[in-house]
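J.: Questions regarding the structure given below will be posed in turn.
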């Protein structure tokens, strides 16, 4: 696995003109903390940078954390709340067990409470941190709209609403449409898989007894399938075994889409994007033009960050518990 390098922190800035567009009813603003906590983004950035230098898995986990937070109850930091004896929280739902980068958000929150108490929401920390890990890994930089409030409800049972790695394109489109995200957003945000790793359990069904007539998913490159079968035998006794989601898994680039063109998508839901006419042309466009992918990814991240933003929430003092 490639080692995280601070040199990748040279941001590829994209001027999106998003300060006045795509705002939610909660009136998010790029300048929300200019008076109440002017150093907020700098504090978060260096917290994330430090964590990423010591934990190569942190960037992918933080980016995934943002997706998983926004897709349940909107971007309200509900994914950060700890379970209680009376309630199992989102972070303990099956899709979130491997996130494990909550300590980075906790660290940033502690520093922010010291610098500007009761000002910066946990939801905004996650949104800013997600932007920063993309930029630090060589991807685009965008202005994060801020002013989200933190929610008070988190239920593990609701993680069933997250898109699954087995979804086909129709089911993916339905899931994204419920969050007012379009087909292009679906394909662009799927590109976040350029960072990350998956355990065998999420794609093993494509490798063994795929159907009554085929052992391997026919959309998968045969040589790639054999490589994965060696890493994920049946039965698989190594719970840590798995595969990086693209061949440059610590660098944010368009290699993910090139992998799909070669039949080397790890998840069935990823490879399906190249098999369906509604999404195939977008995959091809992003595979051929990284700057276009960066632009559309940044735009889609801003749209995702506006999903379900709360007007009447709170600013948690500790991201793990409600006030």
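Placement of Cβ uses the backbone N, Cα and C atoms for every residue, glycine included.
In case it's useful when we look at the structure, here is the feature table from TrEMBL:
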BINDING   69, 74, 76, 78, 90  Ca(2+) 1 binding site
BINDING   163  substrate binding site
BINDING   193  heme b binding site
BINDING   194, 248, 253  Ca(2+) 2 binding site
DISULFID  37-116  disulfide bond
DISULFID  70-75  disulfide bond
DISULFID  122-319  disulfide bond
DISULFID  200-232  disulfide bond
DOMAIN    27-323  domain 'Plant heme peroxidase family profile'
SIGNAL    1-26  signal peptide
SITE      64  site 'Transition state stabilizer'
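Locate each feature and note its surroundings.
T.: Around the Cβ of residue 78 (Ca(2+) 1 binding site), 27 further Cβ atoms fall within 10 Å across all displayed protein chains.
Within the same chain, the residues at least 6 positions away from residue 163 (substrate binding site) whose Cβ sits under 8 Å from its Cβ are 71, 171, 172, 175, 176, 269, listed in sequence order.
Other Cβ atoms within 10 Å of the Cβ of residue 37 (disulfide bond), summed over all protein chains shown, number 19.
Cβ contacts within 10 Å of residue 75 (disulfide bond), excluding its own Cβ and spanning all protein chains shown: 31.
A 10 Å cutoff on Cβ-Cβ distances gives residue 122 (disulfide bond) a total of 31 other Cβ atoms nearby, all chains included.
The Cβ neighbour count for residue 200 (disulfide bond), using a 10 Å radius over every protein chain in view, is 21.
Its Cβ taken as reference, residue 64 (site 'Transition state stabilizer') is surrounded by 22 other Cβ atoms within 10 Å in the chains shown.
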J.: Report the residues of the chain - excluding 194, 248, 253 - with C-beta within 8 Å of the mean position of the site's C-beta atoms, for the recorded Ca(2+) 2 site, in sequence order.
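T.: Nearby residues not in the site list: 138, 195, 246, 247, 249, 251, 252, 254, 255, 256.
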J.: Counting other Cβ atoms within 10 Å, pick out the least crowded of the binding-site residues 90, 253.
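T.: Ranked by other Cβ atoms within 10 Å, the binding-site residues 90, 253 bottom out at 253.
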J.: Taking 8 Å from the centroid of the Cβ atoms of 69, 74, 76, 78, 90 as the cut-off, which other residues in that chain fall inside it around the Ca(2+) 1 site?
T.: 70, 72, 73, 75, 77, 79, 123, 151, 154, 308
J.: Which residues in the same chain, at least 6 apart in sequence, have a Cβ under 8 Å from the Cβ of residue 194 (Ca(2+) 2 binding site)?
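T.: Correct list: 245, 246, 248, 249, 251, 252, 253, 254, 255, 256.
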J.: Filter the binding-site residues 69, 74, 78, 193 down to those whose C-alpha lies within 10 angstroms of the C-alpha of residue 319 (disulfide bond); answer none if the list is empty.
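T.: Cα within 10 Å of residue 319 (disulfide bond): 78.
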